[in-house]
Amino acid sequence: MGLQPGVLLVGLLLLGQGITQIHTSSGKSTLEGQLWPETKKNFPFSCSPKKLGLNMPSESVHTLTPADIKLIAAIGDMETPPDSGAVNLDTSERTEKEPWRGCMGMMTVLSDIISHFNPSVLLPTCPPWRSAAVRGGVEELRTQAEELVSSLKKNPQLDFQQDWKLINVFFSNASLCYLCPSAHENGPLMSNMDKLAGILHYLHQEVPRAFVNLVDLFEVVAMPRWHQGTMLSRPSPEACGCSGETSKLDTVVMQWSYQETWDSLLASSSFNDQESFAVVFQPFFYEVSSPVEEPPSQDPTTLALSLWNNMMKPVGQKDEPFSTIERRPMKCPSQESPYLFTYRNSNYQSRLLKRQRQHKEREGTEIRCPDKDPSDSTPTSVHRLKPADIKVIGALGDSLTAGNGAGSRPGNILDVLTEYRGLSWSIGADHNISSVTTLPNILREFNPSLKGFSTGTGKANSVGAFFNQAVAGARAGDLIPQARTLVDLMKNHTSINFEEDWKIITVFIGGNDLCDFCSDPVTNSPENFTDNIRQALDILHAEVPRAFVNMVKVLQIVNLRELYKDSRVSCPRLILRNLCRCVLLPDDNSTELESLIDINKKYQERTHQLIESGRYDTREDFTVVLQPFFEKVDIPKTSEGLPDNTSFAPDCFHFSSKTHARAASALWKNMLEPVGQKTTQNNFENSIDIICPNQAFPYLSTYKNGIEGHGTWLTCRERTPSASPPTSVHALRPADVRVVAALGDSLTAGSGIGSKPGDLADVITQYRGLSYSSGGDGSLMNVTTLPNILREFNSNLTGYAVGTGDASNTNAFLNQAVPGAKAEELMSQVKTLVQKMKDDPRINFHEDWKVITVLIGTNDLCNHCTDLDLYSSANFFNHLLNALDILHREVPRALVNLVDFMNPSIMRQVFLGNPDKCPVQQASILCNCVLSLRENSYELARMDALTRAYQSSMRELVESGRYDTREDFSVVLQPFFLNIRLPILEDGRPDTSFFAPDCINPGQKFHSQLSRALWVNMLEPVGSKTDTLDLTADISLPCPTQEEPFLRTPQNSDYTYPTKPAIENWGSDFLCTEWKPSNSVPTSVHKLQPADIKVVAALGDSLTTAVGARASNSSDLLMSWRGLSWSIGGDGALETHTTLPNILKKFNPSIFGFSTGTLEETAGFNVAVEEARARDMPAQARDLVERMKASTEINLEMDWKLITLFIGSNDLCHYCDNPENHSAEEYVQHIRQALDILYEELPRAFINVVDIIMELAGLHQGQGGHCTALLPAQSTCSCLRHFPSSPVIQELKKVTWNLQSDMSRLSYQEKYTQREDFAVVVQPFFQNTLIPLDKLGSTDPTFFSEDCLHFSERGHAEMAIALWNNMLEPVGHKTTFNNFTYNRTKLKCPSTESPYLYTLQNSLSLPVQTEKASGVAPGIVSAAAAGGLLVGLIVGILAVSLWSSFRRRQKKSPPESVPVANF
């Protein structure tokens, strides 16, 4: 098909009918100044010649720079009109002088450019003007060459031998026959071509030091005239010997080939070997697009600039078409390549020679399907159509279906014009499946008598095309005549029975529509695109009986840019940009590119809507199925990460035979995949296995037969078990699994899965056969469950449940889940399961491999608020541990899936978001502790925290390695349930169709997705498992591979359990930006900003002196680390130590009064005493006043002071010694006395009173003896000796509640609101604070000191953060709890709107009081009461925790008998 090197120039008829004669004017060789007065100002000169640093003139033409050029000259013909700046001459004179003026205009611009590099460049030279009567052809060009040589030799300003000359030889190929792909290789032009070559040889012999541009201006000169009715006209294809109409593809390929032929000729000529002479072909081609408008004439300035830009590009990269619209910016020589480019310094290699490389073998395959038989009788329904029933095949489309370039050898770009229809993916049938993979060759394996496929090469009307009616360059509108032609051919062909034979017709279109979209957005709109497809499909639907039509979705074409833009890949970019300019030319991130991507998606979406509208499913013997395998196509990559151009034809646009083969495999796979589960993404880097029809359901998939109900398609070819039963769980294949079992609650039991919408009463029915992890109803084709997936690998699987019934029903088999079950009941389920497996004769207990799925936790959360202790995360952890321990101890050969439970927030969203569909009136019965909580409430936050603790405890248990001690047992956490994406309806409400009628239990759609997600997780490596489930996603079932054939465990995933990095300090990051103090020192405490505070102080007990904040060197004595104290410590800076003073230092670095170190001398205004009780507060207040009055560092009257009072731990600890002598009234009275002293003695003071807490002893819970000072703690805190149910502890709860109630009133005491410069604010963050827990759900010891009664530095940091944040919250709206989660950015900032510390007055919350004496807001008392109840419960935790610790020391029990604390 290609040209031989010896006939490169001749073979393409390069010069048309001759060299156009030149118009000249006598003797003129200089420019008339008035013709182009604005030449230089037409474009900015952006180059910097000085930066090139070139001084010495070049000795070689291959290192010739613009600065070396002394003279610019031209010979040849230019019939280009002057630009708008030209003077108005007489029409006839202008016509005669146009060529000469065009030449002088162009050369002047070039001279102007060169003058910036070499100011001494001479005036340009053009051939003398002669009248039209004496125009010749090549002879005239020879005459001009001789005259030029003569004038150069006579020019006194030019050193003819030493000066470098730039000579431009213009010619015009007056015929477009070179655009004809089948142009004659011999003709009358040979002599003219030889003469042109003779002219170049003449210049080479006569002119030393010359760089010659060979420029064909035919398209620039002639193309506008095709539209003007002049003597020049486009030659007809017949006149050139073309076989038919010249297409856009023909045009762009032949343009490229024309240019490449010139380059190859010149590169291989003797010119390229010279040091003082070079000839370079400079192309001028228009962009090839739809002829919608007349191409505008080009002024000489634009032509000269385009020529200059071409000279600045290496040969082989001159791929920018001549623009008819915009003037492109001028290019500059680079420092790396400052010279004019020749063939030698461009390292040019002809692509016409590269094509001779060895052609890669075509890609075949093998089909090993067990069932290749047709239906027993010819089917009458398209929905029961087997592959072997197909007798006829056809196709419609464009060049990708016509097979352009599919068989071309690498580099043979000209051969892309050949249509290799026999290799076409959807319709070709060259050879057979072993060497050529196409859809017909696949189908011929099922029915060797298939008809209609194309073979060999040729156009759509060739004999070999048969029913392949695709046409290169076709768009969607061309499908209509193609469909008409195909129908006529089928009706009239005698080898087929038009009425009886089953037909497959594949339609694929859209690439050309997208490539030309920007040229004509209206014609190529998505609406017109799909309307044209509709009309074509309507013809098939109306006239073709017994047809299955593949409508292949248009490909994602934007990825072609990746191939085009990667300069490391050799591609003919001139061809690419001409074929698909709308895709390749827009800038990255441009609106044009975004528009294209959007249109591409709309093409796909509207096609999808058309096919799925049901328009073509009105007859039993006809259907159209959308095949989306091209929807998301990535460019194939090489092993080096480069775009793989072996996947493409030599033009880098069409498919190679390899990609045709992979497209065929992908189409076949799509045809067998269920609708809704079809593969949509491919990259074609690797071959695609030919899958077989499912033996249970062997039909081509349609919208009506596609997987029925809730089935799934499994495409795995490798389904064999291990050669011998594995002994290691880490080498377990799916086909090795013999037994499935499940444990859990109503979700696993299947409650309500099959219930009809609205049938709430039926939710109690346990549809175990549909359960995601253990159901075995139906088959995978209509019911997706884990057992049904595993049965595809091992048909002898057992253990799964069928039908309905409770756990004791024989249908349940090894599904021992019980509705309503909580974690504490899991151990009982395990024992029952183990016994059933041991007793059942169908199970070889010791030899059979088992998969056991465990899911529990939802019911614990539904009941957690009824007993916080019983449903604590620690107990959840222990129950789970006990159950798994039994499995680990008792069950051989088992893989246990531990599945995360459904987050209760999902339940709330669905249930509360659909009050008209969900039984909201039964919320308290169904799941009270989840569904009845108020939004943004403390209780809801507590539930969320407990949920996270449950999840963390599961992860911690598995990652402890406890169950990795045996080779035949493993527990794997499958986290797909961790994050659920709910389907949301258009009205914004969650879609209840995924749930049972109670809106709590999942329905069958939900269970189907759970099964798929579980299977995906089981094949994903540990550490890389999907932890998100989108309920609306198309989840395909992955397959084990030869490289990774096993169910994944930590060991075969090479996974190492993570270790948490140590935290270096407990500092905080300060993100506040408004640090300035008030413009003037405020006189009102209600206008007090943090930066106004000058002094800090504190009163309290050992929690304020920071006893035990750091580990002590002495085993007998805990040290007071006052510098780390939460409310008064000032050691270091905030970045390493979070304390209230260190926060305030960020606002005022000169703040005074804070403690440092451990000594009394550096305590500052920290007057707290370790053993202090409330009764000691007045004394501490007096001590503080005296210290302040005595200090010379502060101005007592003017400085603003922040004082924090926190007391009560010792009072409550000693309450049990003598309950009668401890009352809430007495406690508050002492506090009030201290506040009175401060009120009377200290001006300008803001007093924080922190609510009491008694939860510290809860640290003993679950610590297994962590606390080293248990007995001393009891002696220090006598209440720890009592049982939680004892009367004294019950009384302590009441006292605690009373204390907090009375304390909350202090902010509202009328006395403390009388002064403008004094305020008392109760900070309640401790009111509802929960014990900080670790990941296992046990009390986190890092918050506490060695004696377990005081805070560590981490605990002090959390208290400081909570106190600071309380200070920035309005009274009545303060946070009453602290969740102790670590975060360096938890500190709040004052806002521009509210820059002050909050007091009662500036909180705008002073209530209307009916009783002045009380001074208490009723709402606040109520809130305090609620908070006090919880704190009372925490007091109970204190005692029970210690009692549990005693029990553990007295009796070490096995894990399943760990005592449960009953709070």
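Keep in mind that glycine also has a Cβ here, set from the backbone N, Cα and C atoms.
Here Swiss-Prot flags Ser399, Asp513, His654 as active site, drawing on similarity to another entry. Sequence annotations record features per position, and here Swiss-Prot assigns compositional bias 'Basic and acidic residues' to 360-375. The N-linked glycosylation site annotation in Swiss-Prot covers Asn173, Asn432, Asn492, Asn528, Asn589, Asn645, Asn782, Asn796, Asn1113, Asn1221, Asn1379, Asn1383. Per Swiss-Prot, the feature repeat '1' maps to 38-346; the stated evidence is sequence analysis. Residues or ranges marked as repeat '2' by Swiss-Prot: 361-706. Residues annotated as repeat '3' in Swiss-Prot, with sequence analysis given as evidence: 707-1053. Here Swiss-Prot flags 1063-1403 as repeat '4', drawing on sequence analysis. The feature signal peptide is assigned by Swiss-Prot to 1-24.
Checked against Asn1221 (N-linked glycosylation site) by C-alpha proximity, the active-site residues Ser399, Asp513, His654 yield Asp513 as the nearest. Neighbours of Ser399 (active site), defined as other CB atoms within 10 A of its CB across all chains, total 27. The recorded positions recorded for this entry are Asn432, Asp513, Asn796, and the Cα of Asp513 lies nearest to that of Ser399 (active site). Listed in sequence order, the residues of the same chain lying 6 or more apart from Asp513 (active site) and placing their CB within less than 8 Å of its CB are Arg475, Ala476, Asn524, Phe529, Val554, Tyr603. With a cut-off of 8 Å between Cβ atoms, the residues of this chain six or more beyond the compositional bias 'Basic and acidic residues' (360-375) that come close are 384-389, 407, 410, 423, 431-437, 442, 445-447, 646, 656-658, 661-662, 665, 687, 689-690, 692-693, 695, 698.
Looking only at the glycosylation sites Asn492, Asn645, Asn1383, the densest Cβ neighbourhood within 10 Å occurs at Asn645. Asn589 (N-linked glycosylation site) falls outside any helix or strand according to DSSP and counts as coil. Summarising the environment of Asn528 (N-linked glycosylation site), the number of other Cβ atoms within 10 Å of its Cβ, over all protein chains shown, is 17. Each residue contributes its Cα atom, and for Asn645 (N-linked glycosylation site) and Asn782 (N-linked glycosylation site) these two points are 42 Å apart. DSSP assignment over the compositional bias 'Basic and acidic residues' (360-375) gives 0 helix, 0 strand, 16 coil. The Cα atom of Asn589 (N-linked glycosylation site) lies nearest to that of His654, taking the recorded positions Asn432, Asn492, His654, Asn796 as the candidates. Of the glycosylation sites Asn589, Asn782, Asn1221, Asn782 has the largest number of other Cβ atoms within 10 Å of its own Cβ. Along the repeat '4' (1063-1403), the predicted structure has mean pLDDT 85. Nearest by CA distance to Asn1383 (N-linked glycosylation site), out of the glycosylation sites Asn432, Asn492, Asn528, is Asn528.
Local packing around the glycosylation sites Asn432, Asn796 was summarised as the count of other Cβ atoms within 10 Å of each Cβ; on this measure the leading residue is Asn432. Remark: His654 (active site) has Ser399, Leu400, Asn404, Gly405, Ala406, Val416, Phe648 as non-local neighbours, by Cβ distance under 8 Å and separation of at least 6 in sequence.
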